[in-house]
Amino acid sequence: MAGSTIELRGLRREFPSGEATVVALQDLDLTIEPGEMVAIMGASGSGKSTLMNILGCLDRPTSGSYRIAGRETSSLEADELSALRREHFGFIFQRYHLLPALSALGNVEIPAIYAGQPGEARRARAGELLARLGLADRSGHRPNQLSGGQQQRVSIARALMNGADVILADEPTGALDQRSGTEVLQILDELNRDGKTVIIVTHDASVAARAKRVIELRDGVVVADRLTSPEAARRAGDAPTRQPPATPRWNWRREYDRISEATRIAVLAMAAHRLRSFLTMLGIIIGIASVVFVVAVGDAAKRKVLADISSLGTNTIEIFPGKDMGDVRSSKIKTLVAADARALAQQPYIDGVTPTVSTTSTLRYGGLEANALVNGVGDQYFDVKGTKLASGRFFDASGLRDIVQDVVIDEKTRQTFFADVAGGAVGKVILIGKVPCRIVGVMQQQQSGFGSNQNLSVYLPYTTVQARFLGNSSLRSILLKVSDTVATADAEQDVTRFLTLRHRVKDFVILNTDDIRKTITSTTGTLTLMIAAIAVISLVVGGIGVMNIMLVSVSERVGEIGVRMAVGARRSDILQQFLIEAVVVCLIGGGLGVGVAFGLAALFNLVVPMFPLSLSGTSIAAAFVCSTGIGIVFGYLPARQASFLDPLAALSRD
């Protein structure tokens, strides 16, 4: 079976024109053997261009049969026709149809990209073809830097890139001067001598005279089919035959090359419309920056809240007199006493216990005085609260027993009374009300939060405060540290049962810091989610902007799509091309959005140093995942529209 024989039998092509039908080709019977050089002539409207489009698998006949290498084309799917165009045919167009964003070398490479040739081999062959056609020194030039003749030679090199054995030339000299036209025809002669089947569509008799066989059309009918040289009859069929290739199997390297090329084209397309690309990205930039920044603020707020809660102590519960929080009669309930604390200390689920009492008084030292909160606490208070000392020591159990007048002061008190005192505060005697107390320790500074306030605070043994300041034995509260092996909720239930039995009535209320932590963490998370959801709206708006611009890009690049399909791009290749472009736009926008979020976080940290923000790797990774997802979701419709364009219609609109 002749691998390259072209056979037309009863071929007919009709086009609708309003309510009428225009017949472009009528019942053509035609055979073109391998190695022939054929000119198809005819006046405008004779059907010669329609015939060439059908021969090149850019169009389908209305009826009849078109067989290439014995294979009926009417039954082939779109991708199978793409494979024929990619490997079997080479197109030379009157208007060149070179992609303006690519160099001469890049234009020649295009068919090989879709054929899956490796990058190095592809570039080497493209360079060889350009050198063969006298364009070695112009391989890096773009089409607008080349003359018409040079552009047509680039088009010829592109047609030869995949080793096509049928060259279809549509008015190859129509846009050239005489000299350039002659050079192009000489190249076609050489290709024919090399065994290529060359089919030239022309209305110029002098061009047709270069062919060995001339087919003349009139009103869609062959009116003449003659040989111009006896040699042509002998040479026809002598060319090596070749079976049309099957669609290549999937190969990861070929796919990588295609994706790399699509990414490069995407960047070039963006560079060609910088302002439009930036405005397209703006919605993505704002959306990603908002989401990442809001998540960072939410995380920082959560950390701050948890740190403030920790100032109440870790895994702690606190017992207050009263039937519930806010009980107005709680001050009259005197049943919460130190004996309760000692009894609770014996329970296995408790790691530490401290009674607490409090009052206010005036501090005096060296002519200075200030009001302060006087806290009476147990010797385990500082461990339960996780408090650390800047200097000195805490008082111990013997101090409670002996009702010592030792005091631990906070950092605010030190700054107020002892900032300029030589030797510091430890060891000095400060007057609290009328009671002289020796300073034994200074606490580290604590951030303001749940466990602190702006008042000065001092800490004495609770027995001392009861005896010297209050004159009674009741407690303000009992603070418990729950064992790490016990859930605070379980401990709370056990303490409730224990004290209820001990008091014979529930005259106390328990504050569980773990409940506070959970509530505030949940609230913070909800607020963060709500604000992030608002920020996501801008992402959706940005995605719609990407879709709109991609639709505009498709409409502007219809000609490019037609060229890519003509040289063998499958629908999936076109879909992939525009999807990748949408994803690249969104990824760059996402990267810029993350950069903006970093800038906002840095500015925020300068303005509010007590509330530091840090961007998490998770939120950044999520930002890029969102960017990719937006590109795919909102880029799919334009990409699909591009992939379903008819190659002939796309070329005609260029």
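Positions of Cβ are set from backbone N, Cα and C atoms, glycine also.
Pulled from Swiss-Prot, these are the features on record:
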{"type": "BINDING", "residues": "G42, A43, S44, G45, S46, G47, K48, S49", "note": "ATP binding site"}
{"type": "DOMAIN", "residues": "6-244", "note": "domain 'ABC transporter'"}
{"type": "TRANSMEM", "residues": "278-298", "note": "transmembrane segment"}
{"type": "TRANSMEM", "residues": "527-547", "note": "transmembrane segment"}
{"type": "TRANSMEM", "residues": "584-604", "note": "transmembrane segment"}
{"type": "TRANSMEM", "residues": "619-639", "note": "transmembrane segment"}
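For the domain 'ABC transporter' (6-244), the model's average pLDDT works out to 87. Between the transmembrane segment (527-547) and the listed ranges 278-298, 584-604, 619-639, the one holding the most Cβ pairs under 8 Å is 278-298. Through the fold, the transmembrane segment (278-298) approaches residues 524-525, 527-528, 531-532, 534-546, 549, 585-586, 588-590, 592-594, 596-597, 600-601, 604, 613-616, 619-620, 622-623, 626-627, 630 of its own chain, all at least 6 residues removed from its boundaries and within a Cβ separation under 8 Å. Same-chain neighbours of the transmembrane segment (619-639): 284, 288, 291-292, 295-296, 539, 542-544, 546-547, 550-551, 553-554, 574-579, 581-587, 589-591, 593-594, counting only residues six or more beyond its ends whose CB sits under 8 Å from a CB of the stretch. S44 (ATP binding site): 7 other CB atoms within 10 A of its CB, across all protein chains. Between the binding-site residues G42, G45, G47, the minimum number of other C-beta atoms within 10 Å of a residue's C-beta occurs at G45. Within 10 Å of the C-beta of S49 (ATP binding site) we count 21 further C-beta atoms, all protein chains included. The secondary structure of S49 (ATP binding site), as reduced to three states from DSSP, is helical. Listed in chain order, the extra residues whose Cβ falls within 8 Å of the Cβ center of the ATP site residues G42, A43, S44, G45, S46, G47, K48, S49 are T50, H203, L217, R218. S46 (ATP binding site): 21 other CB atoms within 10 A of its CB, across all protein chains.
Less than 8 angstroms from the CB of A43 (ATP binding site) sit H203, R218, each of them six or more residues away in the same chain.
In this structure, A43 (ATP binding site) belongs to neither helix nor strand by DSSP; it is coil.
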